[in-house]
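*Asks:* So that we are looking at the same thing, I have put the structure below in structure tokens.
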Amino acid sequence: MGKQQETILIIGAGISGLATSRLLTNNGIPNIVFEASTPDRSQGFAISLQEFGYSTLLAALGDLPLSSLIRAVAPDRQIGGTGWIDQALRDNRTGELLVAPDLTTTKQTIVRANRNALRHWIADCGEDELDVRYGHKLQSIKGKLGDVTAIFENGAKYKGSLIIAADGVNSTSRSQILPDVVPETIPLIHYHGEFQLSHSAFDELIRPHSGHSNILVGVGDSFNTPLSICNITKTRVHLDWSYSRTVKGENDILYRPNVQSEEAKQIPPALLEELDALNLAEPWKTILNSESLKTHRVFHWTTRCVYITQDDARRAGEQGVIFVGDSWHAMPIFGGEGGNHALLDGVELADAIAASTASSGNGDWDSVIKNYYGGAWKRSQEAVRRSTQRFFLLHRPATEWKEISEQKKKPA
């Protein structure tokens, strides 16, 4: 029982939970990861890893080379790609290049990563296998720091010294401990679609516009239409698209922030009518239309942000819960930094726990919480505000995009 008391319980097997678990395991610190979903649940869309995120993780994993990460997670890894993106913005009604960095002097600092592949790679970066228990949906939390119990809907109960809440923007852990902290809904329409093309169709339709970039970003008049490669196999190219725009008044029929999960998978007729009326350039025109969407998996996404005060973090810590990832700093996906800060959370929290364990032989949990939040709170909460501001800037009117493009063309 004593050994079980010392175990750290991690709720959620996303990238923040797995990164924390992997680093704790590599340091010989017992932990268990609990995941509500089944092992075959896909998180196959891609995210952008920035240098500040992946370099910190690689160092914590024993100074692994960047090439080991790229070979494992880049969406185009099977054809020798590096997850490169051109960071360009194009007018999705003309195809005109609006904004692009000077690629002759810019080294690759952003790595596009397939989320599923990233999770598997993190889990495999060590000699000892991670203890991940699937089918465990958290029901409640009882106890205090140093002696806390997680109770699951399947009837299982586990005691531990600390619960690490890595269960996302709609965190059950957070709602149990901090019920007054409610995610803030961003007033934006956001639909996400997944589809596949043969290599030949991809080379004909998208490659002439994207080149070797893993993202083709189209911006319009207060709306965006990015196309992203999720994964390339020997025969198929798996892609996704997003359509996002600002809300048009109080009665916008497509603004459904409280839509239920099953209804979120249904395509509203108003969306099809709206896409058909956009007058898009290729390749968006061929992909984003009412006929093409019949073969796509389409989801309504509600964009939410989470802010937690330092006092919130302290109160949760007293009850034995500490946060990583979207559970305490959810931010917009497009233009956001969430995945990178999730990795930093895992590294910094594991470091704090390992340092405390090394000095005392057992965790000084009050010091762990103080040391972790001492740096992570300001870093992550500033990132939420920064990402939210950037998200709205990426949905600016077409006239502003044109002005920016003209300014970029002027000689320095």
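Residue numbers in this text run from 1 along the chain shown.
Using the three backbone atoms N, Cα and C, a Cβ is placed for every residue, glycine included.
Feature table excerpt (Swiss-Prot):
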BINDING   Glu35, Ala46, Arg119, Asp326, Gly339  FAD binding site
CARBOHYD  Asn92  N-linked glycosylation site
CARBOHYD  Asn170  N-linked glycosylation site
CARBOHYD  Asn231  N-linked glycosylation site
SIGNAL    1-21  signal peptide
*Asks:* Using C-alpha atoms only, work out the spacing between Asp326 (FAD binding site) and Asn170 (N-linked glycosylation site) and round it to an integer in Å.
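*Replies:* Given the Cα positions, Asp326 (FAD binding site) is 8 Å from Asn170 (N-linked glycosylation site).
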*Asks:* Let me make sure I understand the structure: which of the binding-site residues listed (Glu35, Asp326) has the fewest other Cβ atoms within 10 A of its Cβ?
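*Replies:* Fewest other Cβ atoms within 10 Å, among the binding-site residues Glu35, Asp326, is found for Glu35.
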*Asks:* For Ala46 (FAD binding site), which of these glycosylation sites sit within 10 Å, Cα to Cα: Asn92, Asn170, Asn231?
*Replies:* Asn231
*Asks:* Measure from the Cα of Asn231 (N-linked glycosylation site) to the Cα of every one of the binding-site residues Glu35, Arg119, Gly339, then give the nearest.
*Replies:* Arg119
*Asks:* For Gly339 (FAD binding site), write down the residues of its own chain that are at least 6 apart in sequence and whose Cβ falls under 8 Å from its Cβ; none is a fine answer.
*Replies:* Ile15, Ile47, Ser48, Leu49, Gly53, Ala113, Arg115
*Asks:* Output the one of Asn92, Asn170, Asn231 that, of all these glycosylation sites, has the highest number of other Cβ atoms within 10 Å of its Cβ.
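*Replies:* Result for the most crowded candidate: Asn92.
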*Asks:* In three-state terms from DSSP, label Arg119 (FAD binding site) for me.
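*Replies:* SS state of Arg119 (FAD binding site) = helix.
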*Asks:* Take the Cβ of Arg119 (FAD binding site) and count every other Cβ within 10 Å, whichever protein chain it belongs to.
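*Replies:* Its Cβ shell of radius 10 Å holds 19 other Cβ atoms.
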*Asks:* Can you tell me how far the Cα of Asn92 (N-linked glycosylation site) sits from the Cα of Arg119 (FAD binding site), in Å?
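*Replies:* Cα of Asn92 (N-linked glycosylation site) to Cα of Arg119 (FAD binding site) measures 33 Å after rounding.
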